[in-house]
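Working notes for the structure below.
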Amino acid sequence: MRLILIRHAQARCNILEDDALMDAYDPHCELTEAGIGQAVKLRDEYPVSLTPSVIYSSPLKRARETAGIFRGRYPSVPFVEDERLSELKAPESFIPPITQGQWDLYLEQRIRSPHLEIVKGLESLDVQRERIERFYKDLFRKYAEEACNIVIFTHAFSIQLSILFFLGLGNEQLLQWQIKASNTAMHIIHYDPTSGSFLLESLNNRSHLQTTG
């Protein structure tokens, strides 16, 4: 079984200036024109050897839009949205509004104190990790007997936590090192259900974005 984890393409909420005001966490943030171009390149240059057996996606709009463009090449492949692939859960509104810089600080604090809800309604890193682990455990049970390629569209933190889970490492490792998760980059992992072992074959693969023409 191969897992192909892909971060969504560039979205408007990814390019905010540090002093930009946020009155809410935006799950409906749309792709930029550059992001649409990234998703098109991913679709067109995606390796035939990794043709998907099934496609999973976070329900957040930026992930769904990326998956939707990708699926243009694979319209008959089963598609599943799973809430457990969402980015962190956050308050419906910030009163008073916060800046993008303050939001980034909250994300750093989640790493330093993974068991804490930094602000009311902001999901802790540990809770996020737990739901992602549940997703994979269910996935492995469902496809344990199949030689398949499973494409998963999700978010940067979800990819970080997924890889920690595959390696059997705790969230505290994020204080020491992190794995870059660029927009539309592929992280390819082979899973052997017999031994329960993982092999990281490629991380943050952006080769499709290097093509010209």
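Numbers run from 1 along the shown chain.
Glycine residues also receive a Cβ, built from the backbone N, Cα and C atoms like all the rest.
The following features are taken from Swiss-Prot:
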- His8: active site, tele-phosphohistidine intermediate (ACT_SITE)
- Arg62: site 'Important for activity' (SITE)
- His155: active site (ACT_SITE)
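Features as recorded by Swiss-Prot, highlighted on the structure.
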residue : record                                          : Cβ within 10 Å
His8    : active site, tele-phosphohistidine intermediate : 29
Arg62   : site 'Important for activity'                   : 29
His155  : active site                                     : 20
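His8 (active site, tele-phosphohistidine intermediate) is 6 Å away from Arg62 (site 'Important for activity') when you measure Cα to Cα. Counting in whole angstrom, His155 (active site) lies 6 from His8 (active site, tele-phosphohistidine intermediate) by their C-alpha atoms. Secondary structure from DSSP puts Arg62 (site 'Important for activity') in a helix.
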